[in-house]
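Notes follow once the structure below has been shown.
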Amino acid sequence: MIISAKFITSLVKFDENLSSNFSEVAFLGRSNVGKSSLINSLCKQKNLAKSSATPGKTQLINFFEVTCKRNEEKFNINFIDLPGFGYAKVSKNLKEIWNQNLDEFLKLRTSIKLFIHLIDSRHTHLEIDVNLNDYLKRFLRPDQKILKVFTKCDKLNQSEKAKLKNEFKDSILVSNLNKFGLDSLEDIIIDQTLGLGK
């Protein structure tokens, strides 16, 4: 279980000198899919990760040190809140720099053990999400895993949830509003960062 968390630093671009002694979990997804809200819910802190009121405005790579506990043993991991992608109102030049920085970061950051790909449960087959999944698979190492997490599941009825789970069998459905699915997600995060993931 996650017992505490604190903000460490923000980066505008990849810095190879900022190494990590801990396993890391990267949160990726479209702008406004709920990355910051999910981090806050997992860490049980309302304002740990700041979500921007303007989708696409948050362009920093934010790091959080998270203390976890498993079988009475405490250990630390890092959560990485990545800029939301695919928002049209970001200028083309900024978008290119942004994508280049993220590309370098994701490929070279060997301490990342889990990529959490957040997808809005009401829009599950957007081209941008399909492209992100394919992109991550191209450089995924044996000690890394991609986990699809469908957000805002409180907007779905039981039948829609069952259909979604049946289509994406290894995914997790979550809701920040009613805390649905957060315990299961927490277990996967801890297992994967400890090297116990399936």
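We number each residue from 1, going along the chain as drawn.
Just so you know, glycine gets a Cβ as well, placed from its N, Cα and C.
It should be emphasised that the depicted structure is a prediction, and the values quoted were computed from it without experimental measurement.
Residues annotated as domain 'EngB-type G' in Swiss-Prot, with sequence analysis given as evidence: 21-195.
DSSP assigns Leu60 (GTP binding site) to coil, not to a helix or a strand. According to Swiss-Prot, the GTP binding site annotation covers 29-36, 56-60, 81-84, 151-154, 174-176.
The secondary structure of Ser36 (Mg(2+) binding site), as reduced to three states from DSSP, is helical. Residues annotated as Mg(2+) binding site in Swiss-Prot, with sequence analysis given as evidence: Ser36, Thr58.
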* To do: Name the secondary structure element type, per DSSP in three states, that contains Gly29 (GTP binding site).
  => strand
* To do: Within the domain 'EngB-type G' (21-195) only, compute the mean pLDDT.
  => 88
* Distance, Ser36 (Mg(2+) binding site) to Lys152 (GTP binding site) (CA atoms, angstrom) -> 13
* Structure fact -> Cα-Cα, Pro83 (GTP binding site) versus Ser36 (Mg(2+) binding site), nearest Å, comes out at 10
* To do: Report the member of Asn32, Ser36 (the binding-site residues) whose C-beta atom has the most other C-beta atoms within 10 angstroms.
  => Ser36
* **binding-site residues (Leu60, Val174), the one with most neighbouring Cβ atoms at 10 Å** => Val174
